[in-house]
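I have a structure here, written as structure tokens, and I will follow up with some questions on it.
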Amino acid sequence: MHVLVIKDLLNKIKIQNPLVHHITNNVTINDCANVTLAIGGSPVMATSIEEVADMVNLANALVINFGTIDDQTFDAMILAGKAANEKGIPVIFDPVGVGATPFRTKKAQELLNKVSVSIVRGNATEVYALIGGDAQTRGVDAGKIPLSNETLALKAAKDLKAITVISGQLDVISNGEETISIANGDIWLTRITGTGCMTTSLIGCFASITKDFFSAAIAGMSVMSLSGERAKSRLKENEGIGTYRVMLMDEISLITAEIWEEGVRFG
Ligand SMILES: Nc1ncnc2c1ncn2[C@@H]1O[C@H](COP(=O)(O)OP(=O)(O)O)[C@@H](O)[C@H]1O
Ligand SMILES: Cc1ncsc1CCOP(=O)(O)O
Ligand SMILES: [Mg+2]
């Protein structure tokens, strides 16, 4: 069922070329714009409170990413999020670094209270903090949590009333009833910044062309993990992390429904 829908999404996205509005961080903003283009979407990164609502009116999805959150950007996120809810386009939330500082955790709760979010995508520590867990984290990377990612994804999807995606060695996606895991990936994906953020952008792209947000979340997550694995297998001796980063973008831009179906491994 999901396989057929996802193959269809992969075929359609390059034809539909959806506009995906991002309010995101200033570390990986360029990677998020490029990955949106690579999969067939069109990115726009607008943050001014003067224009975000108007930009949402042109867009097919809104991605909110907390990576370098500050008060002014947060206000723009709330404005844009409310406009997206009113227009009926999906809001996809990446809680980067939530749990690392009380400020981020407080702001994430405030966002979830004010804006209806369709999909949340984070690492295990971030999602654990989002549902009130006391997560040990130094920053944007995942740390240890006292429950399995499957249990956490299911609980978070129910608590947050949003499709929840937890990336990691095994990626887990839950809608609060059904939980699916993806076994693709490569440890090198954790050695370049932005692979989590780019995953959230990919999910935003797919969610912008369907109402089936569960399939959209599985699509975006699996495209990143499968492409990361394929990029690694293409590396030659003496090629390092810089080449890997370029090859990852190549693989994402070259993915087809056929490559995806052959390569994806549900866990
Ligand atoms: N231990 C791991 N082994 C293989 N792939 C991983 C591992 N940890 C994360 N990944 C992959 O890295 C990508 C980014 O996920 P992650 O590092 O969890 O996000 P973030 O950068 O937001 O913390 C995903 O495709 C995920 O599957
Ligand atoms: C390093 C860093 N610091 C603030 S945002 C950011 C990027 C995080 O990106 P990702 O979560 O995709 O690794
Ligand atoms: Mg992240």
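Indices start at 1 and increase along the chain as displayed.
Backbone N, Cα and C define each Cβ position, glycine as well.
Positions annotated as substrate binding site by TrEMBL: Met45, Gly194. According to TrEMBL, the ATP binding site annotation covers Arg121, Ser167.
Please situate the listed features within the shown structure.
Mapped onto three states, the DSSP output places Met45 (substrate binding site) in strand.
Counting every protein chain shown, the Cβ of Ser167 (ATP binding site) has 27 other Cβ atoms within 10 Å.
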Does any of Arg121, Ser167, Gly194 have a Cβ within less than 6 Å of an atom of ligand 1? These are the binding-site residues; tell me which, or none.
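Result: Ser167.
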Quick check for the class: what is the C-alpha distance, in angstrom and rounded, between Met45 (substrate binding site) and Ser167 (ATP binding site)?
24
Of Met45, Ser167, Gly194, listed as binding-site residues, which ones have a Cβ less than 6 Å away from ligand 2?
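List returned for ligand 2: Gly194.
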